[in-house]
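**Student:** Here it is: the structure, laid out below.
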């Protein structure tokens, strides 16, 4: 009976979003160079993530992107081009929900990075504000990043790709992934027809719904972009108090349970 309800919900969502999603280009398109001024490229020698500049001194990304040595680039579009206003920073301090850095696919996959010095706003660099309200189910959301554009084999683009995906009720992801808990501080988003998705190396990047920064790319099934398999995003709104408290200097604050 539960399985029947889940399949029915998926069918309803598939039909309700079909027209909207069919307008999209499979896999997304190159982002407009002025569309992602807040998008950070979080990089080590063998690993790459995205991130979001939330003020001149702080970047928000996923906890699973943490590495010992990290470079954070702002103002990048084409990775093979050096831009005049491109800026590189390093983590001065990294903050996690738990001191042990424990996180799961559905809980506490969030990392707040204080940069070694503030970045300067420019034609290609500006911060993205934290959300003022939670997202609404049914929203069309924007994702972006330099992640692979093919899966399971990787094809990495030089420029970030942008695409629109749909925000679903959490129960949709629970129906697809039965191991998810009954309640969680994550968002469920994707395109039920498949073909559009975030993927490897997009982790840590933003999910922007109705112009507001609502999610952090966390986890998705492999291969990416499969039909009826949405991805999981850390819900930024539920972590606002934690983020704002740390920025204000209260570094002992803990994440919501």
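Think of each number as a place in line: the chain as shown, counted from 1.
Yeah, the Cβs are placed from backbone N, Cα and C, and that goes for glycine too.
Below, the features straight out of Swiss-Prot:
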ACT_SITE  64  active site, charge relay system
ACT_SITE  109  active site, charge relay system
ACT_SITE  203  active site, charge relay system
DISULFID  31-162  disulfide bond
DISULFID  49-65  disulfide bond
DISULFID  141-209  disulfide bond
DISULFID  173-188  disulfide bond
DISULFID  199-224  disulfide bond
DOMAIN    25-248  domain 'Peptidase S1'
CARBOHYD  78  N-linked glycosylation site
CARBOHYD  102  N-linked glycosylation site
CARBOHYD  153  N-linked glycosylation site
CARBOHYD  169  N-linked glycosylation site
CARBOHYD  250  N-linked glycosylation site
SIGNAL    1-18  signal peptide
**Student:** Find the one among the recorded positions 31, 141, 173, 203 whose C-alpha lies closest to that of residue 64 (active site, charge relay system).
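**Tutor:** So, spelling it out, the nearest of the recorded positions is 203.
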**Student:** On a count of neighbouring CB atoms within 10 A, which of the recorded positions 78, 153, 169, 203, 250 is highest?
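**Tutor:** Comparing the recorded positions 78, 153, 169, 203, 250, the most crowded Cβ belongs to 203.
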**Student:** Quick one: pull the CA-CA distance for residue 169 (N-linked glycosylation site) versus residue 188 (disulfide bond), whole Å only.
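**Tutor:** So the alpha carbons of residue 169 (N-linked glycosylation site) and residue 188 (disulfide bond) sit roughly 7 Å from each other.
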**Student:** Compare the Cα of residue 162 (disulfide bond) against each of the recorded positions 78, 109, 141, 153, 250 and report the nearest.
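**Tutor:** The answer is 141.
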**Student:** Taking the Cβ of residue 162 (disulfide bond) as centre, how many other Cβ atoms lie within 10 Å?
**Tutor:** 19
**Student:** Which number gives the other C-beta atoms within 10 angstroms of the C-beta of residue 188 (disulfide bond), all protein chains shown included?
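**Tutor:** For residue 188 (disulfide bond), the count of other Cβ atoms within 10 Å is 24.
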**Student:** Here are the disulfide-bonded residues: 31, 224. Which has the lowest count of other Cβ atoms within 10 Å?
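**Tutor:** Lowest Cβ count within 10 Å among the disulfide-bonded residues (31, 224) is 31.
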